[in-house]
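The following features are taken from TrEMBL:
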DOMAIN    6-95  domain 'Clp1 N-terminal'
BINDING   11, 112, 113, 114, 115, 116, 117  ATP binding site
DOMAIN    109-140  domain 'Clp1 P-loop'
DOMAIN    141-316  domain 'Clp1 P-loop'
DOMAIN    321-429  domain 'Clp1 C-terminal'
Ligand SMILES: Nc1ncnc2c1ncn2[C@@H]1O[C@H](COP(=O)(O)OP(=O)(O)OP(=O)(O)O)[C@@H](O)[C@H]1O
């Protein structure tokens, strides 16, 4: 066990391998991991994480196990981040007092710029601030700042598996051990980890998610006043930029936080100067510096992280869930994929004729060996035409297909009957041991 004494505004940065146990215990003072407070004396597992334990006022920490690296850093951007939180907090308070809309915040930036960590900090600080009383019309009431977290990053999947667009209300701190709440997320299955081949579907699902979030906000003043924190893809060039802009407009974002990149900041500032957000004011584009601690991940590390995320969906973050392996009759499975097959390029069509195939339609998929190792979404849809606009209930993973007996072996979260009879597939494959 090694002890570290941190002075105010310092952080202990470390990377803990997924194969080794590493724990942190707060011995004295106060400290937080991405905005979630550590409790004095309680041991927190850091296995498989790159992170920083930050202190505003100083603390003493004990580290057990062998992190891949560990060091104390005193140069962090957290003061500018908390100032940003304070501005958002004030806007939420005003919205709560007036029954209006709170800030919808989009966090944008290239890959490995600290977007997901920033979202976590903003959400955790917002949840912690809800215990501060708000003064409204001479009554002391409790602020209900439970912002909705929206994840449009199909590459990683912080709420659920990769390949999805998802949203969830955040009512309690997001800790390193438990992650985001999983009780009632709103999830749409895109089915791919990059938007390139299905950009129309990506736009369509962003619009669908936004319209559901709009109607939730219009039926609850608390939900509206708490606003949203939105994580986006790290793909910010070309098509990635167009999709980011589309999401900002569709969400009616009020604030766009740009991590690090000057070019993206300038592009967005110019392009959004007359755009009005949900609060009725011009969108504010703010540049923030990225933390020097943000880890750079190779494409194979990302792929491993995606596989780990899918495994975690079935087995839980600490392996505490017990999924079941079930044999299904292939002839009873109704599997579909989005799109109606490859479309001819416009240049190959007679002049004036539009491309006929529709990416927003679904096509039936014959259950075959091709589906082995695929992740399938279980849809709430009642008919195939409703598959794309319907949110999904959960996921199954195809472990094996036996074409002679027509049996499909699936891994499912529980032994209960599937909550829907239609399954949606994409291009996400993984191997779960
Ligand atoms: N201050 C820090 N010290 C150590 N590690 C950090 C720090 N901030 C972030 N990290 C880690 O760096 C990695 C990348 O950060 P993060 O996921 O926030 O970036 P991102 O921009 O959302 O990435 P991407 O969009 O490419 O998936 C994560 O593992 C995160 O936990």
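Quick reminder: no glycine exception, Cβ is built from N, Cα and C everywhere.
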*Do any residues at least six apart in sequence from residue 117 (ATP binding site), in the same chain, have a Cβ closer than 8 Å to its Cβ, and if so which, in order?*
34, 291, 294
*Greatest C-beta neighbour count within 10 angstroms, which of the binding-site residues 11, 112*: 11
_DSSP on the domain 'Clp1 C-terminal' (321-429): how many residues come out helix, how many strand, how many coil?_
12 helix, 45 strand, 52 coil
*Using all protein chains in view, find how many other C-beta atoms are within 10 Å of the C-beta of residue 116 (ATP binding site).*
19
*asked:* Could you tell me the mean pLDDT the prediction assigns to the domain 'Clp1 N-terminal' (6-95)?
replied: 96
_Intrachain C-beta neighbours of residue 113 (ATP binding site), sequence separation six or more, cut-off 8 angstroms_ = 234, 259, 260, 261, 290, 294
_Count of other CB atoms lying within 10 Å of the CB belonging to residue 114 (ATP binding site)_ = 24
_Please give the ATP site's span as the largest CA-CA distance among 11, 112, 113, 114, 115, 116, 117, to the nearest whole angstrom._
19
*Once near-sequence residues are set aside, which residues in the chain of residue 115 (ATP binding site), 6 or more away, have Cβ atoms under 8 Å from its Cβ?*
107, 108, 109, 153, 231, 232, 234, 259
*For the domain 'Clp1 N-terminal' (6-95), what are the DSSP-based totals of helix, strand and coil residues?*
18 helix, 39 strand, 33 coil
